[in-house]
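Listed in TrEMBL for this protein:
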TRANSMEM  6-26  transmembrane segment
REGION    34-91  region 'Disordered'
COMPBIAS  41-59  compositional bias 'Low complexity'
COMPBIAS  60-72  compositional bias 'Polar residues'
DOMAIN    109-237  domain 'OTU'
REGION    376-399  region 'Disordered'
């Protein structure tokens, strides 16, 4: 009898061993996992929340992951998906100043604050996507529509009724959390970087982005997490990322600014070239005007020299005419005198017609006066010679 009971006990021990082995190997049902998590959170919920709060305030390099709440922790409160939806958070001005300065010095990033009205997550994302935090309603609507269409996937991350969750999250003052961030990452095809008192971000990427490593990744959506309750936008001043992920064809962030800058530079260069050409043209015009003045002065001097040479030639001809008149033959003398007189008058008329300048007129006046004086002297000499010849002829006859 004792041997039978011993054998039965051995069989039961063996069956229990194999049962435990099978339970260990096989995956646990989802309800079992949740029950275990709730049981463990009951044991460590209060102590872990206190330690994480103090650690976040004293050690800036620590990343705090939002913890899921359970009905057992607060039976009277409504079921929410994470603590940051209904928490008071904490505020440390010295820590915030240190974090902002550290992020700027190490990574060159600037924290851009957004309004803390319950929609801070969607405001920060709207600032990253559209450059305007006031478009947070559009981001929230797109996010909730995307999660509702993909409820089979996102319902696994929600501890409450998914329909009630979506309805609650559509309110303007409902906080967002890591579930919405995952949906936003998939929706805009951009990874998400969250900085929480640390210069190394906590990355959130969609499986769709991870499945195509060969394609060039889009710039991330950068957010900062403050006081376990508030999100801000983090921007890179040296690289524009607004508009990435909106599906705009051939869109390049900052291309408009670069195009305007390049166009302004081209216009400046063209204006500078035109000004240089105009300046050179003005200088050339002055040079040509100076050259023309010099040419006119040379021509005028040459003309005056020519007039002087003509005046000398006229004087020589007048002298020859005067000598010819003094020779015998009155008829020939009269003809030559008439021709010479006509020639002098014609030359004087040409001088008057050609001379337009005061200096030329003065020179012509001198030439005319000289010619007239020489002509009168020649006539006087001629009359005196004729008178002398007549006197000599009369004296010879009387003798």
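Here the Cβ of each residue, glycine as well, is placed from N, Cα and C on the backbone.
Bear in mind that TrEMBL entries carry predicted annotations, made automatically and left uncurated.
The average pLDDT computed for the domain 'OTU' (109-237) is 89. Remark: secondary structure over the region 'Disordered' (376-399) totals 23 helix, 0 strand, 1 coil, with classes taken from DSSP. Remark: secondary structure over the domain 'OTU' (109-237) totals 57 helix, 22 strand, 50 coil, with classes taken from DSSP.
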